[in-house]
Amino acid sequence: PKSGLCYISKGGTNSILIKFCREICIHVFADNNTFVIIQSQINTNGFLSVEEPQVESEYLGKMPASFRMIAVFLGDLDNSDGVGKVYYRQDSRPSMLLRTTDHINQAFPQDDEIKPTHALIITWENVAAHGVPGRGDGLDRKRNTFQLVVASMASASYAILFYPREGLQYISTPVAGQSELVHTGFIKGRVKGWFNWSSIPGPYYRIATDNETSVRQLSEETNSGRRGVWVYEIGTSPIFYSIIPGQVTNLSPEEGMAGGQMESVPEFPPRNTGEQQEIEFPPYEHEEEEETPEQELPPTVHPVMWFVFFLAVFAYNSETCASNRQKCSSFADCKDYTNGYCCQCRPGFYGNGKDCVAEGKPQRMNGKVNGRVFVGNTPSPLELSNNDLHSYVVANDGRAYVAISTIPAGLGPSLQPLSSLGGVIGWAFALEQPGYENGFSIIGGVFSRQAEVTFLPGNERLTIKQEFKGIDEHDHLVVSTELEGRLPEVPRGSTVQIDPYKEIYHNTPFSLFSSVITSSSNRDYTVSLPDGSVQTKAYQWRQTITYQSCPNDEEVRAVQSTQQLSVDQIFVMYDSGNQLIRYAMSNKIGSIHSGPPEQNPCFTGRHGCDTNAACRPGEGVQFTCECSTGFTGDGRQCYDIDECREMPEICGSHALCNNQPGTFRCECVDGFQFASDGKTCVVDRPIDHCQRGTNNCDIPERARCSYTGASAYICSCLSGFVGDGYTCRDIEECEQGRCHRDAVCYNSQGSFTCQCRPGFHGDGFQCTPEHEKTQCERDRESIQVSSNTGSFSFFRPRPAVSQYGPTCDQHGAYEPTQCHGSIGQCWCVDGNGQEIPNTRTGPGQRPLFIPPPIGPTTRPDVSPVAPGTHLLFAQSGKIEQIPLDGYSMNKGEAKALLHLPDRVAIAVAYDCVEKTVYWTDITGPSISKASLEGGDTISLVTTDLESPEGLAIDHLARLMFWTDSMKDRIEVAKLDGSQRRVLFDTDLVNPRPIVADPSYGRLYWADWNRDGPKIEMSNMDGTDRTVLVKDDLGLPNGLTYDPESQQLCWADAGTRKVQCMDPNSRNRRTIVEGIQYPFAIVSHGRNLYYTDWRREAVVAVDRTTDRETDEFLPQKRSRVYGIATTPTQCPQAYNYCSNNGGCSHLCLPRRGGFTCRCPDVVDGSCVERKL
């Protein structure tokens, strides 16, 4: 194809409709989702418009203009003196397209398939500022030459802007008697307003700002690697919504000299001083200059793709605050406007009005990560499925921390360079420099983010898509993340160091469509390999953030359209032991221009204010610390204000107040719901058909009706029956082999009983042959045999008058009180039959106290569960309760027992005496308690802890025991946290679950050391430590002890089994297999209940049938941790440590007695002894 030239004739200000034989067309994406064709116009004032421009008095000095344009060097320019000229042409010659492709590829080195089909080239040559006087011959006037190339192909369009590399001779023009800086950028013009009968200003993407330095840098800097050359992607089919700048902001080596790549144009004869001779694309390509207004080209029409902004419409509408106030944050005010309403954060808070957070308050982010990622050259991807993402940022110094869990070893090391995976929270809450705002201040917490990462030199690509869903009820920012693509492999055992970097954010605000923020940067990182060698690598980062804004707010703060995020102190690590990828970084948001760094500590982050305080700058380096809203203190130390306690009526009638750090939350009581204002609780009208008896479930003897709200209910068959809940029939359990093989089964309606056959004993589910004689029975028999005579052998033998024979209970154990009738004395014995000192009495008297029974007790055939028993389990930020109806979980009545915002409760234990729940928290870390009958939470242990993950309560001796998996030790203390003592700190690697058997003074715990997992036991005083199980274990996370059956049971996430054993006989059996990832387990009657990380559920297992029977899925799905029961009555047993056993400090039980021990920190008055 040939090129043709058109020239705009000299004159004052001219626009010309582009025509080359037939008109040049530019495609615009229209509002009705169809393509329409409009014509473009070139103006001598330095811009290209795609619609009829207004007269210059309507746009000069009044930018942004109300019509669509590309402003290359927009000002009041003059080409009327015969020197300045404007040329334009369409060119599809291979040589020109190749040169265009070269510029685009250098600006976007990661893009493939850049093959433009045609280009529109416009040259403004030697144009002067209008109204600037000279000698009269025009030769002494300052002049600028600049070019625009619009290159198009089927899928995208690009704009390339060229400025003189030896510098601009002027940067402003006179407008209305004032000097006005020229404008450069992309302008959408007026767009349809929020309603069809109005219009509002569209987006204006600025290349240079209202700053002289910024304009002069057009010829000195670049985004394409070449001085004075600026490349932008202005449309990508089929979306067409953003302006994306080139990625290469550093000059290439050959650009060391100004004009290093400039091409001299011999067709342009040199002119006098003041003219600029060199431009990139010649304005014409034929022999003679033709000054004709319109030059015909062949009749082929070559369209040029144009940029548009095509996004979802913002959620605000024409309604008023009266009906929409609840859509605003509780820390925002709603303001009505002529065309609708807007939400505005109150003083002391920041955000977009729908999401507001207190100034200076730390912020957390939680979410899930999914996707498929290839590593290196592997043909198969690694799957991510609901992996937890947690982030924490200290807002008053801009430091952000990110962690993603359950990352496999094949992927974790290769994710280390990708710190920006969660680093968007760093931008959202970056430390603000004067006059600049972080992301959350501008867009709030609801937005979409898509990022493209290209790794060099291998060209691996990864796409990151994130949906931010706002602030939840715990004040956490919620995000979902998807990863798709390939990463270069980082070998296992390697570490990664990421260099500090800067990233430019371009904001295109306030349009009918959603607003857009784009950014890009180049990241360098170093990989240190296990062999000591080092590799230096890089990747290119491009991202687009879309969000919704309120179009009605005229008072919204002016936002800098271009800002720079500075990121340093970057730390990355893959923790293979815990399968965690961790990132940390410091973030500041400020100007794109270099200048002296801010010295005020509020802007450097080195101020020493409390993490819950805002730093207020003063003069010079002066500043003050001010506690965030919801906290009180001097700013150096801040404490949470309990609004629920100080303002009891703050939530109104029929509502409950839940205090949270820095804030509070109101919830309507049962039977009430929030009205349209979001604050007032009104009567809930739905009907409970279960309570009224108007349901169609089977009869109550066979089925249960569970009310689920909103007049809905669920029918389910009772235990022992099967069906759909509407029709239930009895299960013939005896046909299923539910009883032991040495037992007889008797079926009944909804139930059955098992009875051991003669010669066996047990509960029918477990039957064993008559037991071997115990030591007591053997001692008694030996006395009887030795005193027996032949003449009286047919009588029941008895000891001689002078001999003592022990008495045994029905299980063969020594009776705790032994008497010798011949001498008329009684005494107490321990479990081995040995006399306890100082307990012998004279004739006719008995000991003053009765020691506990020693030895196992049998489980009764039927153990009815007392009403009021619940399951308690921990979830991030709260502890929930599930009522038990017999052995069935009453799911419809499950609810949160205790809200623990910003906390991660791990272990849960229950004190049946004071009806109090205890838990460990790894974020504090701490051990705390709260009464089930109400009241405050009380912190018991807050020091010298790292990761307390197991907790056990001795309700008799009033002790608590816990494990610390980071300090590798087991400790004991009083229930108030006092008198701490380390029981074990050797031969422990990862101790987690721990349980107590108060009746026999025993402790059991598990260590999930991957190289040698084990289950151990000891006395509570630390004596008789023994390994119970060490074979066929993987990750024994959960442990429980049933005092009725005397069974120790555990849940193993490695072998994926639940197993039980008798600690005395060491008989071991498997209950269920093939489970997923259990964390904790508890026993209750015939059932075991365990929490599962992968299922995010509480699962019930029947020990008698060895099968899973039920599952409870919390309303808010996340990992579930510790679990416990709340029996209404405490198990009965003898308390050796009654009245503290007479000990000065700690009374620690053991089998058959107790030991007085001293805490680790003593006052000198402690006495240790063993009784």
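Every residue, even glycine, has its Cβ placed from backbone N, Cα and C.
Curation plays no part in TrEMBL annotations; they are all automatic predictions.
Per TrEMBL, the features are:
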DOMAIN    72-237  domain 'NIDO'
REGION    255-276  region 'Disordered'
DOMAIN    361-599  domain 'Nidogen G2 beta-barrel'
DOMAIN    598-639  domain 'EGF-like'
DOMAIN    640-682  domain 'EGF-like'
DOMAIN    686-729  domain 'EGF-like'
DOMAIN    730-766  domain 'EGF-like'
DOMAIN    773-849  domain 'Thyroglobulin type-1'
DISULFID  C819-C826  disulfide bond
REPEAT    915-957  repeat 'LDL-receptor class B'
REPEAT    958-1000  repeat 'LDL-receptor class B'
REPEAT    1001-1045  repeat 'LDL-receptor class B'
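Counting residues of the repeat 'LDL-receptor class B' (915-957) by DSSP class, helix then strand then coil, yields 0 helix, 23 strand, 20 coil. Only residues 6 or more beyond the boundaries of the domain 'EGF-like' (640-682), in the same chain, are considered here, and those with a CB under 8 A from a CB of the stretch are 323, 325-326, 330, 358, 361, 473-475, 612, 628-632, 899, 901-902.
A simple Cβ count within 10 Å picks out one of the disulfide-bonded residues C819, C826 as the most packed, and that one is C826.
Shown for the repeat 'LDL-receptor class B' (958-1000): DSSP residue counts in helix, strand and coil, namely 0 helix, 23 strand, 20 coil.
Helix, strand and coil counts from DSSP across the domain 'EGF-like' (640-682) read 4 helix, 18 strand, 21 coil. When the repeat 'LDL-receptor class B' (1001-1045) is classified with DSSP, helix, strand and coil residues number 0 helix, 23 strand, 22 coil.
On the 0 to 100 pLDDT scale, the repeat 'LDL-receptor class B' (958-1000) averages 94 in the predicted structure. For the domain 'EGF-like' (598-639), the DSSP counts in helix, strand and coil order read 4 helix, 15 strand, 23 coil. Applying DSSP to the domain 'EGF-like' (686-729) sorts its residues as follows: 4 helix, 18 strand, 22 coil.
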